[in-house]
Amino acid sequence: MPRGCPNDCSNRGICSQGVCDCLNGLTGKDCSTIDNVPICSGHGEYRQGKCHCFPEWKGLECETLWSECQDPTCSGHGRCVTGECMCFDGYGGDSCQFKSCSSQNCTGNGVCVDGVCRCFSGWGGDACDQQVASEFPVGGIEFPNQSQQKDDSAKQPSPDASCSFNGYRDSNGNCRCFRGFEGPICEKDATCASRCVHGVCTGDRRKLLSGGPDLPDLLPIGTALIDPAICYCDDGWRGINCDVPTCNSKCLLNGQCINDTCVCNRGWSGASCNLKFPTCAS
């Protein structure tokens, strides 16, 4: 059972093993004390649990000029042009942090993970553009090999109206639901196996394809993953349950996020690079 933090960190920080990691500009056991570092980086106002940036500034802590990229290096896979990362071939995402697939959205029939299309049940091929038969249970996701595609090409199950167009009838007359749906006639959005702490549970394909969710580790091609829906994490969180904080939003002003740890610029320290070393008198 995870340890709670005092006053839930006053909604101004991240609780980690019972200790608050406060936003820049705040300190104290419950992040209720204003530090000598300006809140919202001095470029915005803190209201209702988040920073509202002044014009020309952006970021969760208003730490970045609109004309600059939040990751100036674009993860080493692109270049920053007027505040936007222009990614090199094979990469995508706001900071070019994701490998991209040959078909950007896997033809609408799958999810791009680490440069490989992971296809929804009933679809196969490098770009998920080939219909295949699925013999996996409700909610399964199939990654067939080429020989399977040829053998199954004659079956090609299509969405059935009696299964709410979200599945098809098997040989016993039962509805087999496509990924993201459940119920006797596939009439309901699927539910996640565990609670999404800082995110939402979704089986909506459009949502999955829109922003690069933090997907669980998938099995190799040729196997099935019985997991009808996944957690779609809020900004600043990752993991299967969206319960692992990332440091991207917390240290870019005074450091760089590397492997979810803030590596601070010279003159700064702390888990969020929010502690300034005193300057020595010359």
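Each residue, glycine too, has its Cβ placed from N, Cα and C.
Listed in TrEMBL:
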DOMAIN    85-96  domain 'EGF-like'
REGION    141-161  region 'Disordered'
DOMAIN    175-186  domain 'EGF-like'
DOMAIN    262-273  domain 'EGF-like'
Structural state census, the domain 'EGF-like' (175-186) (DSSP three-state): 0 helix, 5 strand, 7 coil
Secondary structure content of the domain 'EGF-like' (85-96), with strand meaning DSSP E or B: 0 helix, 5 strand, 7 coil
Helix, strand and coil counts within the domain 'EGF-like' (262-273) (DSSP): 0 helix, 5 strand, 7 coil
